Amino acid sequence: MGLAARLGIRSRRARLRPLFLAFFTYLALVSLLTHGHTLLHHTDQDESSVVETPAEGSVSRHLLQAPEDNRDNCTPPAIEQFPKPLMSPDTRKSGGLIVHIIVTIYMFIGIAIVCDEYFVPSLEMICDYLQLREDVAGATFMAAGSSAPELATSVIAVFVAKDDIGISGVIGSAVFNIMFVISVCALFAGHVISLNWWPLIRDSAYYCISICALLITICNEEVTWYESIFLLLLYVLYIVMMYYNARLEEWANTLNIPFKNATREEKSSLFGSKPVPPVGDGIKTEGGLQDPDNPTMDGQGGDGIGKQMESVEVEAATTRSMAPEIKDESESPWTMPVGVCERVNWAITLPLVAFHHFTTPDCRRERFRRWYLVTFILSMIWIALYSYIMVWMITIIGFTLGIPDTVMGLTLIAVGVSVPDALSSLCVAKQGFGDMAVSNAIGSNVFDILLCLGLPWFLKTAIVSPGSTVPVESRGLTYSTISLFATVVFLVATTHWNGWKLDKKYGIILMIWYLIFMIFASLYELNVFGYFNPPECQSKY
């Protein structure tokens, strides 16, 4: 492997390190806050629930939990929707939990590898072939692919667990996508990215419509077949709107909208007025596909590649192809890099890298350039599988620490299923595609609400058990759903106030809002502000 290839791999891994740090710092913070509250809650219960054991004449302490054989007045724990843990509760509490943490980290690495090496490049090939605008691509293909874990989690929740962790996970991941993901993109993109007003307003408006539909659906704590069909039809309408996006934007620009003049004059699209060079006809730089006969790509000539690259990095040039770089055929996963840290990293990731080297075609290689659809589909499958295992491990960790399921759904599980959204958005944001990153974050939320919930509910109520309903028991989720409106309004207002730019100040503001929202939503689910959720049932898991 040549020096350039090693530097390329090293840079790709380095750009994901900030997200690793943010992700696991967030997990530790949520675990600390919720576990601390649970310990205090249990301590209060212990002091008020001392009982005599007549058989032994001694005093014992127990928590006020519902009996295991009576589950009418309690909620089955979400851990029971997964295979039974290989370790007993005592073993996990005695140190075995570290194994689950290690598996969680390894699955995170697996998702990062798939997103960075296969999913995003295949998505770029699809968008380049279909000549999609970056915001449309982010709101459709990218959102659907990165939201595969949410769809799998919702299906599991409806068909296996039969609880509302699917909906709480979707709501939690919605806030995570809007605030945390966009915040991370702004903080770690490496440069200021300008945004176009239309994609954000378009997706935010339709997202608000989706929230209204969800609120109407769950207000009576059950979902019927016709309500699920309504959600699915709304998503079909969303796709139709994307098909006519250019006409809608042209019409919107004729309206007297005060903030539309605050955006950059150049529209952030993947394709400009000049045709894009065919795939494979040029040399790919970080800014886009370079035409060997026209190094400036804009037909003006003269200043060469250096000036063109500077323009790409500073202004996120808009008339460029998203076709990924052609990967050197001589690159091999078996080549050991130079340096101790690089070798340790290579050894840790080698099983995953080698596995995907043989099972997933790399569409960046010349011989697999036409296999991008296969790469895209396989990437979605691996992302869903790794996310399922990671959510399983996180659920075991949360159950062992005593974190309630509704809080798990809003926090840790939401983070777990949203990792692909965060990784893919950060990858494209680093390339300067800010509209694509933001549209992916918001478009994923539309996909999560309308399809990830609507499809499992429809299958359950119309096909598997015709005429049945899906119960949604948590009243706290209604409060959280309403709070999503405030989140959307805050996002649009903050973006306009910041001049429609993604920068560090913008990222910090969104991160603070996200932490405040999750603290209050978790306290609400923990019945701090009133009794909203029944206690969890006892479990042998």
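Here the Cβ of each residue, glycine as well, is placed from N, Cα and C on the backbone.
It should be emphasised that the depicted structure is a prediction, and the values quoted were computed from it without experimental measurement.
According to TrEMBL, the feature domain 'Sodium/calcium exchanger membrane region' maps to 101-243, 371-521. Sequence annotations record features per position, and here TrEMBL assigns transmembrane segment to 20-40, 97-115, 136-161, 167-193, 205-223, 229-246, 371-401, 407-429, 441-459, 479-499, 506-524.
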Fill in the blank from the handout: Best-packed against the transmembrane segment (167-193), counting Cβ pairs under 8 Å over 229-246, 371-401, 479-499, is stretch 479-499
Handout entry: Two-stretch contact, the transmembrane segment (441-459) and the transmembrane segment (371-401), at least three Cβ pairs under 8 Å
Key = no
Handout entry: Composition by DSSP (helix, strand, coil) of residues within the domain 'Sodium/calcium exchanger membrane region' (101-243)
Key = 122 helix, 4 strand, 17 coil
Handout entry: Stretch in 97-115, 205-223, 371-401 most in contact with the transmembrane segment (479-499), if contact is a CB pair under 8 A
Key = 205-223
Practice task
Examine the transmembrane segment (407-429) against the transmembrane segment (97-115) and state whether at least 3 Cβ pairs sit under 8 A, considering only residue pairs 6 or more apart.
Solution key: yes
